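Engineer: The structure is given below, and queries will be raised subsequently.
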């Protein structure tokens, strides 16, 4: 039983990170029909930007700020202006393929400029345990969960409670009407790209101390987040959150109770079942687009 | 005029060919990228350092050594293609790869070409297939695992043991031997956990170890995965003593796992922390050249080149066909060839006999706790 509790906590912590990445997926899809297959690599890169800042002599806190800012410039602004905007004119599929190429490019660039070897990465959460209901739970798991939940709540509040959020929703649901009533649609789209960059930088900061900084570490994350987004509902932020948590827990339970060899297969099978019986995702709505 | 040009061209060609023939060509295929990048990079740097030293002192039998490095991408399929390409260039000796799986698929190619292959793989089965051209630079699992099992049973006094291994040739080979030995000694294996190469998340595996509550945990994974599981073991508060091999307590693992590596123990055939003067000197030279402390793979690459030198000097000529025969049964003493670092004997199967070490990680450093003597 204590084993199950540990597995649930660890699964939720990993799932919360998947959720952050999956939310970014859905945001980009909602506002600009971008399916970003480089999303995993987007999580890998900020850690290396932070490491580069630390190698240049910056303290950890400054490296985090620089890393997040650089991520927003490179993975938000530059990604939109240099890749999405020019490719979008040719349709969704060429853009999706271009993001696949970007994923390969990012991996190779990090391998070339940094190293193919893994590097250690400091944790923002101290190591140690706290006791919940008589169970020792690591501070790191709790810290990851709290930061991820705060980020998701912050985002939901922004989308639902502020004028800016309402404008973003309007831009996503019906750009033509939004434009007529004076919503700066282009700026709203750019904003979602910047928010996605912020989310992946945050995910990078949380996951890298556990997975280590490595050029290939985005592969697993990108895939998990993609599955999470589809399972939860590609057109709903809350769907992506639920999907992320579900896949995190499912992955851990599968590794423990099915078999380590087949752990990767279980979320895939679940994905197929969801697509067969509820193609809009568990919380998604058919034929609707909101953020 | 035409004939003068032709004669000139021929002369230039002849000079180039003879200069080329002067150098002894070695071919290296290693894990320079992918999961084994730590292994391959250390191995390659060790080779380069040895060659630089030997050439600075006039080479082998008056001829310089030359090496080409190829990247297996830690992938047996790529390794096979790279080895085939390297063999087509007819090297004197083939060096590498480091991963057992890659060695397994490339060894038949080298044997067919009649070229000796000096490699880094440690899987037990590699030297048991009757290959007459394959040589180790470190212990095979059949030599190291009995020492590990004995230590877990005698010194750690563990009655129950959890065994975590990576699901590839290397991991499976080690797991089979250690479980057999533990069983023979009377320690019970209460958890037998296979993990995947490149696995990032070890929460579930560590959860299973916790549930089994063993007296000791034997961890047999590659370097990066070892670092990740060490962190997870610490995260979940597993306090049972940890025992492994070189891959659990290597420099890279300590760097990646930080505090979580403290207290882990391992049997090590080669370590740069060994209380051996020649190894200390090697470590100093390597660190000075590459700005980092090498792990045992750096030593293996370095030794591979000195094995070539000592064997060639023993033959008194550069003869690729006789190389393997000469190295079988050969004892190389560090007093005669300091580059070999410790006295070593090669068996008829290409296995080695050498002293080894028991190491514990104390405050982020490898500390040698015991020196285990050469078997014969």
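Each Cβ is built from the backbone N, Cα and C atoms, and glycine gets one as well.
What TrEMBL shows for this protein is this:
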TRANSMEM  A:6-28  transmembrane segment
TRANSMEM  A:60-79  transmembrane segment
TRANSMEM  A:91-110  transmembrane segment
TRANSMEM  A:130-159  transmembrane segment
TRANSMEM  A:189-212  transmembrane segment
TRANSMEM  A:224-250  transmembrane segment
TRANSMEM  A:262-281  transmembrane segment
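Tell me what's around each of these sites.
Structural biologist: If you look at the transmembrane segment (A:6-28), the same-chain residues 6 or more away from its ends with a CB under 8 A from one of its CBs are 34-36, 39-40, 42-43, 135, 137, 140-142, 144-145, 148-149, 151-152, 155, 192-193, 195-196, 199-200, 202-203, 206-207, 221-222, 224-226, 228-229, 232-237, 239-253, 256, 291.
Within the chain, the transmembrane segment (A:130-159) has long-range Cβ neighbours (under 8 A, six or more residues past its boundaries) at 2, 5-6, 9-10, 12-13, 16-17, 19-20, 23, 123-124, 165, 168-169, 195, 199, 202-203, 206-207, 209-210, 237-238, 241, 291.
Distant neighbours of the transmembrane segment (A:189-212): 14, 17, 20-21, 23-24, 27-28, 30-32, 36, 39, 42-47, 50, 64, 67-68, 71-72, 74-77, 79-80, 84, 118-124, 140, 144, 147-148, 151, 155, 164, 168, 171-172, 220-221, 291; these residues of the same chain sit at least 6 beyond its ends, with a Cβ under 8 Å from one of its Cβ atoms.
With a cut-off of 8 Å between Cβ atoms, the residues of this chain six or more beyond the transmembrane segment (A:224-250) that come close are 7-8, 11-27, 29-30, 37, 39-40, 152, 155-156, 159, 266-268, 270-271, 274-275, 280-285, 288-291.
With a threshold of 8 Å between CB atoms, the same-chain residues lying at least 6 positions outside the transmembrane segment (A:262-281) that come near it are 224, 227, 229-236, 239, 243, 247, 250-251, 254-255.
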